[in-house]
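Below are the features listed in TrEMBL for this protein:
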REGION    50-185  region 'Disordered'
COMPBIAS  67-91  compositional bias 'Basic and acidic residues'
COMPBIAS  98-111  compositional bias 'Basic and acidic residues'
COMPBIAS  128-143  compositional bias 'Basic residues'
COMPBIAS  160-182  compositional bias 'Pro residues'
DOMAIN    195-527  domain 'Exostosin GT47'
Amino acid sequence: MSSRGQVQKLNMGICNNSVSSLAKFYVYSVNYQEPIAVAFNLSVVPGAGSPLPSDEDNITISISEKTAGKTEQKTEEETGEPKVDDIDKLLNDGLNEMGRDETSIDEKPQAKENLTAPNDTPKDNPKHWRRRRKGKPKRKKPPRNSDPKTNVGEVKTNLSPPPPPPPPPPPPPPSPPPPPPRVCKMELRSHPRSCEGRYIFMHVLPRRYNVDLLRDCKALDLWMDMCQYVKNSGLGPELRNSDGVFSDYGWFATNQFLLEVIFHNRMKQYDCLTNDSSQASAIFVPFYAGLDVARHLWNTDSAVRDSSAFDLVKLLRRKPEWKRWWGRDHFFVAGRITWDFRRSANKKDPDWGTKFLYLPESKNMTALVIESSPWNNNDFGIPYPTYFHPANDQEVFQWQDRMRAQHRKYLFSFAGAPRPDRPDSIRNQLINQCDSSPKCMMVHCNNWKNKCHNPPELMKVFQDSVFCLQPPGDSYTRRSTFDSMLAGCIPVFFHPGSAYIQYFWHFPKNYTNYSVFIPLYDVRDGKVNIQSVLEKIPPQKVKEMREEVVRLIPSIMYADPRCRLETVEDAFDVTVKGVLERVESIKEDMKKGRDDSFGYDEKQAWKYRWLGKLVQHEWDPYFSGTFDTRNFTNF
């Protein structure tokens with residue numbers, strides 16, 4: 001190496017030592033927060049072969065007396081700063097690294113001998129003299145990680161940085177305010193009607209005929225615990241509007257066979273109830289006939305099934321109220337279909353139900369059932385209980401307005417199950433037609449785990465449908481008729497016994513105003529297509545029919561028995577009005593020496609009620625037999 005290269009190498013060593021000393025003393029000054037003056041002289045540059053300058057000749061270091069006298073050092077825990085030895089180590093490491101970085105930056109291609117001192121040999125400095133084998137790529141060191149927050153040893157790559165995190169989701173919308181508290185009025189109407197001709201006396205019966213049946217609620221049904229359904233005066237557990245299908249108040253999971261309990265509790269709030277039986281126009285018997293028979297329907301001992309009914313009529317015969325009109329002014333509610341109380345005397349017929357409605361005393365009374373007999377004149381059909389039981393007029397009006405404006409995406413729907421034990425049933429045809437039509441919503445009710453037993457889902461289907469199919473099932477009528485009409489859905493009937501001859505007091509006689517009738521025989525013979533029939537109805541006619549259905553909603557639902565409606569008449573009010581008119585008519589006939597109940601053939605009872613006279617009618621084939629002969633091929 002030339003003498004000039006030796007001089008450069010020596011100067012670099014002196015410079016590095018000086019910078020190191022300068023940095024160390026600077027940190028010391030920061031640590032002790034005292035000014036430290038550092039001065040060094042680099043004016044003398046030794047020549048080649050000259051001895052290295054001494055510290056006294058070339059480097060002068062001045063330390064203030066104020067700092068030099070301090071020998072006491074504080075620990076890291078006391079000062080919060082690293083120890084001096086640690087600082088030295090950090091600085092030495094940093095300076096060495098800085099030297100390597102500067103060398104790599106300022107390095108230029110030159111002769112190999114310029115990279116080492118004259119006395120350096122490959123043995124003394126193997127780092128600079130290590131040769132790479134030809135063709136082997138140079139090994140690259142991973143860059144040091146300068147991010148203190150990442151793990152030590154993490155290798156950074158040249159990949160593009162990750163995308164920025166997505167913006168936080170917007171805050172949820174504010175929850176809607178809670179609905180206003182429910183208004184439940186118990187006082188009488190602000191403008192009460194006169195009670196003349198409207199007084200009703202209610203018998204007080206032994207508890208075994210009503211209240212005790214509710215206490216033994218677990219025995220009311222063989223497959224279901226009925227105790228939850230007797231709550232809330234017979235309305236059942238309250239339904240929450242979690243799915244937005246219902247309104248805020250007035251919805252309950254009501255069992256279809258608890259009408260006796262609901263009606264009894266409504267009668268307790270009747271505005272013209274009297275304790276003077278001589279003043280009463282009619283007399284109510286609060287006997288839970290349906291709940292009583294439900295306990296024994298599958299009991300093979302018919303005497304057990306009939307015992308309560310026999311005991312009741314004996315009790316009534318002894319009362320003075322009975323002897324005035326021989327029970328012709330009495331009425332009661334049996335919350336099941338009439339066939340559960342009309343066990344046939346024909347031994348060839350199934351041994352089912354009780355004989356309650358065949359007893360002479362029962363024939364004198366007016367029986368209110370959810371399905372009446374076309375061939376008997378002392379029972380009248382009244383609506384099944386639905387899920388809606390409003391507490392005030394406003395709840396009724398709001399629901400009607402909502403059903404008027406409801407958007408309906410299905411032309412028609414059917415919620416039901418086939419009847420494999422009835423080969424002539426049209427349900428199979430209806431199910432097939434609905435399943436094959438894109439405009440029909442089919443709800444299969446083959447088991448208990450489906451929409452048919454879920455009130456919100458079932459009511460949602462009805463709300464989304466323009467027409468709802470209501471074929472006969474085990475009997476003429478269905479609760480679904482009233483649930484669907486409550487949702488503003490136009491019913492489609494296939495048998496006149498499903499509604500038209502049943503609910504005289506609640507439905508208009510002109511059935512075409514609110515329903516569609518498709519003859520059952522045409523469906524069974526494959527002569528009609530349901531979708532084609534419904535599509536032919538003009539839109540304006542459909543609108544008028546829906547308006548009529550919505551108008552009928554109050555008369556087919558039972559208000560909350562714990563409250564009083566102001567102006568709206570519900571199914572209870574309509575029923576009581578019908579009973580009072582019937583009792584008044586019977587009394588007038590009896591005063592004149594005639595009795596309309598026994599002046600004609602009972603087998604034609606439906607005709608007298610529907611037409612008022614005995615003439616031939618297009619519906620004769622539907623009622624050509626009797627229930628006792630099990631003429632259910634029409635179903």
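The backbone N, Cα and C atoms fix where each Cβ goes, and this holds for glycine too.
Heads up, TrEMBL stuff is auto-annotated, nobody curated it.
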Per DSSP, how many helix, strand and coil residues does the compositional bias 'Pro residues' (160-182) have?
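The compositional bias 'Pro residues' (160-182) comes out at 0 helix, 0 strand, 23 coil.
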Same chain, outside the compositional bias 'Pro residues' (160-182) by at least 6, Cβ under 8 Å from its Cβ: which residues?
248-250, 391-392
Which whole number is the mean pLDDT over the domain 'Exostosin GT47' (195-527)?
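Mean pLDDT across the domain 'Exostosin GT47' (195-527) comes out at 93.
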